[in-house]
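As recorded in TrEMBL, the features of this protein are as follows:
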ACT_SITE  Cys107  active site, proton donor
BINDING   Pro24, Met25, Leu26, Gln77, Lys146, His178, Asn218, Gly219, Gly220, Gly240, Arg241  FMN binding site
DOMAIN    22-326  domain 'DUS-like FMN-binding'
SITE      Asn104  site 'Interacts with tRNA'
SITE      Lys190  site 'Interacts with tRNA'
SITE      Arg193  site 'Interacts with tRNA'
SITE      Arg306  site 'Interacts with tRNA'
SITE      Arg309  site 'Interacts with tRNA'
Amino acid sequence: MSNATQDPAPRLTLSGNRRLSIAPMLDWTDRHCRYFLRLISRHTLLYTEMITTGALLHGDRERLLRYDAAEHPLALQLGGSDPAELAECARMAAACGYDEINLNVGCPSDRVQNGRFGACLMAEPALVAECVAAMRAAVPLPVTVKHRIGIDAHDSYAELVAFVAQLEAAGCDAIIVHARKAWLQGLSPKENRDIPPLRYDIVFDLKRDFPNLPIVLNGGLLTLDAALESLTRLDGAMIGRAAYHNPWILAAADQRIFGDDQPLPTRQQVLEAFMQYAERQLTAGVPLNAMSRHLLGLFQGQPGARAWRRRISEQAHRAGAGIDVLRFAEAASNHQPNV
Ligand SMILES: Cc1cc2nc3c(=O)[nH]c(=O)nc-3n(C[C@H](O)[C@H](O)[C@H](O)COP(=O)(O)O)c2cc1C
């Protein structure tokens, strides 16, 4: 396929690489979640939840863009379809120090369709290409697109190739392909993450046809082994729900995926470090529950996991709940030290 248009402006490369990333997940991958995941893996690329251009341009942008410096490498995911607005939001993101801008072309919710962005944009490749080009012209950061393999009746391989070719020509730095189509009518967003079958073969075909475009696979990857397997054919693996429900699957990522030979952290070390962070956030007025809800899966599969979850669920939402809830929950879980 055609080579990407050469851009005269010097481009920053992503600090780190995309071999492993955690998917953008609305209500889940907020800054507290990302801080927690970063304590488990130092190299995995993290994504924000989708933030719409409307929210950034007209809302509390300081709050929406806030993150902790420890979260790098960190990509901001935008939802929108107006090239000028996206360029403006990309500038804000660059000013805040984000490492990558990603455009959401995969979300099928009604709200998103009404705003004419998300997965419905797969039917408008020229517009998506214009958005990518506008963001690239605005900032020296990598600009990537996360999309599906098709929507509704637009699900032929030829249409997918035409879509990706336009992205590549517009200078898109990488694509992240959720390897299932989306039905915009008839399926809920949740069903659209489970019911349309996974088609990794189509993503492999894209790599064959676009060898120079970095391609990341997303959808149904449950383990690091699965991620490593996809890395034999593609440039990156993105894990979503599995990493949220069982974050410890990331613990070996730095060694196994990024070749970092630092010793693995223990759950206790991660928890201690997170508690220090949570203390600071509590002082700043963040309720404990807004942070502790992301920790429920920390002891997944370990003895005491249920007691850990129960303690947090019962106590963290109470007014004035403090860090001692996590300490008691840890003690109640009675897990083995250093696992
Ligand atoms: C709770 C939740 C929220 C999500 N929010 C977003 C989002 O904001 N942007 C996006 O591109 N995808 C979103 N997704 C989709 C995921 O990024 C990912 O594509 C999907 O879950 C498939 O990957 P997985 O099978 O590894 O979970 C969301 C998924 C979940 C479960």
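Glycine is treated like the rest: Cβ placed from N, Cα and C.
Automatic, uncurated: that is what TrEMBL annotation is.
Quick caveat, the model's predicted, so the values are computed rather than measured.
Annotated features, which come from TrEMBL, shown on the structure.
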| residue | record | DSSP (3 states) |
| --- | --- | --- |
| Pro24 | FMN binding site | coil |
| Asn104 | site 'Interacts with tRNA' | strand |
| Lys190 | site 'Interacts with tRNA' | coil |
| Asn218 | FMN binding site | strand |
| Arg241 | FMN binding site | helix |
| Arg306 | site 'Interacts with tRNA' | helix |
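Checking the recorded positions Pro24, Cys107, Lys190, Arg241, Arg306 for a CB within less than 6 Å of any atom of ligand 1 leaves Pro24, Cys107, Arg241, listed in sequence order. Within 10 Å (C-alpha to C-alpha) of Lys146 (FMN binding site) lie the following recorded positions from Asn104, Cys107, Arg193: Asn104, Cys107. Among the recorded positions Pro24, Gly220, Arg309, the residue whose Cα lies closest in space to that of Asn104 (site 'Interacts with tRNA') is Pro24. The sparsest Cβ neighbourhood within 10 Å, among the listed binding-site residues (Pro24, Gly220), is found at Gly220.
Between the farthest pair of Cα atoms in the FMN binding residues (Pro24, Met25, Leu26, Gln77, Lys146, His178, Asn218, Gly219, Gly220, Gly240, Arg241), the distance is 20 Å. For the recorded positions shown (Leu26, Cys107), fewest C-beta neighbours within 10 angstroms: Leu26. Among the recorded positions Lys146, Arg193, the residue whose Cβ has the fewest other Cβ atoms within 10 Å is Arg193.
Put simply, of the recorded sites Lys190, Arg193, Arg306, Arg309, the one whose Cα is nearest the Cα of Asn218 (FMN binding site) is Arg193. The sparsest Cβ neighbourhood within 10 Å, among the listed recorded positions (Lys190, Arg241, Arg306), is found at Lys190.
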